[in-house]
Amino acid sequence: MHLHHQKHHQTYITNYNKALEQLDDAMTKGDASTVVKLQSAIKFNGGGHVNHSIFWKNLAPIHEGGGEPPKGSLGWAIDNNFGSLEALIQKMNAEGAALQGSGWVWLGVDKELNRLIVETTGNQDPLVTKGPSLVPLLGIDVWEHAYYLQYKNVRPDYLKNIWKVMNWKYASEVYEKEFPES
Amino acid sequence: MALRTLLTRKNLANSPMGMLGLRGLQTFSLPDLPYDYGTLEPAISGDIMQLHHQKHHQAYITNYNKALEQLDDAVAKGDASAVVKLQSAIKFNGGGHVNHSIFWKNLAPIREGGGEPPKSSLGWAIDNHFGSLEVLIQKMNAEGAALQGSGWVWLGVDKEFKRLVVETTANQDPLVTKGPSLVPLLGIDVWEHAYYLQYKNVRPDYLKNIWKVINWKYASEVYEKECP
């Protein structure tokens, strides 16, 4: 957690800020070539900042509700879309384990169709790159830095255990904001 | 059909060459390292070498063999949809096997020549193309450090143009995916599993240190074969 937060996330922020400054400069100068060239650094580092900011809110200590299953409308929507919470977890773990290289596995809601989805993204691509109406509820970082010191190559064990500290309260809040209960 | 199935199913995982039957499927097994796990220290820890070889490389081989069996089956059945669907697993796991097999040969303990600069034609070609060995190393380290996500940084030779190249590939894509005439001389794995236990997030330190155990002898052999 310490390394992930203070080194990895901090680096994305540092490099995102640097890229934003260079972008500002290039835009002021009307330098379209540089503006386009900077998009890779913006996407990667900006995405890294966006994704990790969500990730920290997705986790909570057990004595603060981490691991407690979702209730209310999100719990109901999960049963409706996936059959059960267990089925959803199984699906996310399978897709997370199968992800080639670095990336994230997401539980999201399509705010247009009011439908829950499970998606993966590569590297630091945010969920919105898979669909403009997708809103992330939960993201699990499956980059090796997220688990290697503890779980080594056994990513499936990391995925199995992370649910014990999943902060479903936050996910429910985001879901209810998109679909307020009347 | 039954006879061919019988022949190809025998001894699949147990021999390096697999079963070469009527239309045999050749499968793969983990190549031994030509050195002990701890002999690349302090550049690369023995823990990393052991995990990297016995777990990561082995997993690519296991999954590659599995995908090959499924591919063989789908081709025999004429199931084009399944054949195409399998390409991702073939590329990823086959690439992982190809890349790591090269990687182990790219490394050597110091007392066996690891780190010794290249001489003769490769040494000359490096000076010619990049100015000096230091410049080449600088370039590879910069590209390796800047690689987004997982991948490899390569020194290769374009066998058509007889020109050295520095390239990166993502995930387990082999160098040939960047150009059909590219031949890998050296590859450096920059997946986090290649360095994290020892160097944590500081990939540049890993890149700085790995050159102490780079096996230039092997790279020279490959180069001289392509450019006699």
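Cβ atoms are placed via backbone N, Cα and C, with glycine included.
Model, not experiment: these values are computed from the prediction.
Counting every protein chain shown, the Cβ of A:His145 (Mn(2+) binding site) has 17 other Cβ atoms within 10 Å. Sequence annotations record features per position, and here TrEMBL assigns Mn(2+) binding site to A:His4, A:His52, A:Asp141, A:His145.
Here the domain 'Manganese/iron superoxide dismutase N-terminal' (A:1-60) has, by DSSP, the following mix of helix, strand and coil residues: 54 helix, 1 strand, 5 coil. The domain 'Manganese/iron superoxide dismutase N-terminal' annotation in TrEMBL covers A:1-60.
Taken through DSSP, the domain 'Manganese/iron superoxide dismutase C-terminal' (A:70-173) splits into 53 helix, 25 strand, 26 coil. Sequence annotations record features per position, and here TrEMBL assigns domain 'Manganese/iron superoxide dismutase C-terminal' to A:70-173.
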Exercise for the section: With a 10 Å radius around each C-beta, find which of these binding-site residues (A:His4, A:His52) has the fewest other C-beta atoms nearby. Expected result: A:His4
Practice task
Measure from each Cβ of the binding-site residues A:His4, A:His52, A:Asp141, A:His145 to the Cβ atoms of chain B, and list in sequence order the residues where some distance is under 8 Å, or 'none'.
Solution key: A:His145
Completion exercise
Note: in the chain of A:Asp141 (Mn(2+) binding site), residues six or more apart in sequence with C-beta under 8 angstroms of its C-beta are A:His4, A:Asn51, A:His52, A:Phe55, A:Trp104
Practice task
Starting from the Mn(2+) site formed by A:His4, A:His52, A:Asp141, A:His145, give every other residue of that chain whose CB sits within 8 Å of the mean position of their CB atoms, in sequence order.
Solution key: A:His5, A:His8, A:His9, A:Phe55, A:Trp143, A:Ala146
